[in-house]
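Here the structure is laid out as structure tokens; the discussion comes afterwards.
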């Protein structure tokens, strides 16, 4: 059968389980509701439903004092970090799935081109220069974009396999910014700035507020939407560059936009939550096990699975101990054994 027809043909409901995204949406809604009820100050799910009913209809379902208390707990504290977990989980998983398909490599993660070390260096530099929280976020985002720009620039300097050159450029760029991060940590005040940098690099959502969530939501959702709209082209690119060109695809242009969308949303996740690793590596594999390699189904399923996963991890982070456990620690403890299983089964193929 013609490979172009394979890339464009409708997805079979029986094979790719089109019902799964809808079921995952309902599951995510339920998990978010339960997560809102969890914390040091317990709130029943019934009270949460009454609160939102009063928010929507204006009907006085709760007393004034209780309503004000729940508004502070739910709206100001819990909802922003849960929303951030949804956005970060979806962004990392979608970008990871896109990179794995684009580079035709199941072991690729969103940090392949150096965006995560670059963003980490930018944030640490912002803290060292005491630029305030907004300045730290700006430096973080700029550092991530700069790192990817350097990786692409290095790849363009040499002829050869473009995917291989991008990977090598990402390794060089990531190593560079990891070294620069070490310099910043060495120069930081060991009693003030250095602990803040180290804690931030472990990943977490304790500093998240509604303003941060609002300003990142539009670019993150736009980037995810951009990747979803390019899913058909990802299917073609996963056949290889020569096949894609023979089908009339502008490989360089499509790859540029895929890298752009994936880089922007990955950098924004570091801006909000610090370094939260392994999500973009392991979740796409779970999605591929459920719906197969077709990116038209894989990308949305990966986004929803990533959102579910990180909300659940954040719940564990908040509730497991009296102190909050950094998210990066939990995701690493889960991701490492899963990665070992992936390596064990890699020889069997991943499509």
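Residue numbering: from 1, along the chain as shown.
Using N, Cα and C of the backbone, Cβ positions are placed for all residues, glycine too.
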In TrEMBL, which of 59-79, 164-184 is labelled transmembrane segment? 164-184
Stretch winning on C-beta pairs under 8 A with the transmembrane segment (82-104) (pool: 18-38, 164-184, 254-283, 295-313) is 254-283
Seg_contact(the transmembrane segment (18-38), the transmembrane segment (164-184)) with at least 3 CB pairs under 8 angstroms, min sep 6: no
Tertiary contacts of the transmembrane segment (212-234), as residues 6+ beyond its ends and Cβ separation under 8 Å: 7-8, 80, 83-84, 87, 90-91, 94-95, 98, 101-102, 137, 249, 254, 257-258, 261-262, 264-265, 268-269, 271-272, 295-296, 298-300, 303
